[in-house]
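Taken straight from TrEMBL:
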- 359: active site, nucleophile (ACT_SITE)
- 362: active site (ACT_SITE)
- 153, 155, 166, 217, 220, 252: FAD binding site (BINDING)
- 57-62: disulfide bond (DISULFID)
- 359-362: disulfide bond (DISULFID)
């Protein structure tokens, strides 16, 4: 039932399917396998800031295996404690270097040769641009995780603890369409149609609030699709078999079983894909500068990774039906600024809720995908700063940390995979009829 033009933009689902399948998906898969993008530093021990942690998952598939220090590429491992170039040997520059490290602001996307330019930028605090609560990478609890060895999939984590997280996101931190009711337990049997009221209405919600709701709903749909596509089908003699679970997919997305809500969720997934696609096309000038390397310490690997990333940017720019973010926050300046701040704080709160997820693997991927979307929003609201970037030095006005870059690419990679898996489920459903 997924066809036609999406609401709030001029793009149709079929065009996105073709573009993703033939252009984006194969390349983003390759990019995610490269060293720069496969290692993500995350703190999985941060306490839940909203309620007592009551649901830690002890199932073995919930466990995340951190990466041993010896496996991390030297350029990534050095992180913000990377030294400047040899030119930074006099005491004044060393003092500035130490100050920059204390601020945790040295951007490890750049090679050592480029880092002298960072001393000024290190003093710049861009926290007002952040849509996410960022982990402190210097915390002893922050560890590198190899994303390829800890794939997102169904772990068995469910029940009141899991429902509480999504309930808090939707009921307390989301702008909702009128008459959409989400129960604490989304798997509970229907109570007279209250859960998914057919009188779905956007009355009273401006474009910005509609967009916010669709982004969160699309993220939820994408995560659910990953779990359905990579489900524990059976475990015999300690050998698990993972694969697509058509029954679970139907339960979560079938129009009849969800009283019409399932197709809307999937349309919101496409809408989220368009938003992040737009962000990638907008941030291209940042990476096209020679001053930016995807720095791991391996020159050949770094050059190949950057070439592949720039190739993906060329594809994103060639897509002719982008979402137009200029239509957002376009009212009177005072009202627009207030609305943007409300938008940012709501999203920041949602990023903090991810520290309440009891399953470590779910928390890892929830934090990464939330940070990826937060980075996309930061990009979309920084167009002027990106356009005025200097070619040969970092900019005070706009900067991305390695963590934000890794999250941005992997989050979009997850959306690309979701849309690809959706095609697979369409085939499987036809075969079962």
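Yeah, the Cβs are placed from backbone N, Cα and C, and that goes for glycine too.
Automatic, uncurated: that is what TrEMBL annotation is.
Shown on the structure are the features that TrEMBL records.
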residue	record	Cβ contacts under 8 Å, 6 or more apart
57	disulfide bond	155, 156, 157, 161, 358, 359, 360, 362
62	disulfide bond	155, 156, 157, 358, 359, 360, 361, 362
153	FAD binding site	61, 226, 227, 230, 231, 232, 242, 361
217	FAD binding site	264, 265, 268
220	FAD binding site	166, 169, 265
252	FAD binding site	224, 228, 258, 262, 265
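Neighbours of the residue listed as 'active site', defined as other CB atoms within 10 A of its CB across all chains, total 23. A sphere of 10 angstroms centred on the C-beta of residue 155 (FAD binding site) encloses 19 other C-beta atoms.
The FAD site in the record is lined by 153, 155, 166, 217, 220, 252, and its two most distant CA atoms lie 21 Å apart. Counting other Cβ atoms within 10 Å of each Cβ, the lowest count among the recorded positions 166, 359 belongs to 166.
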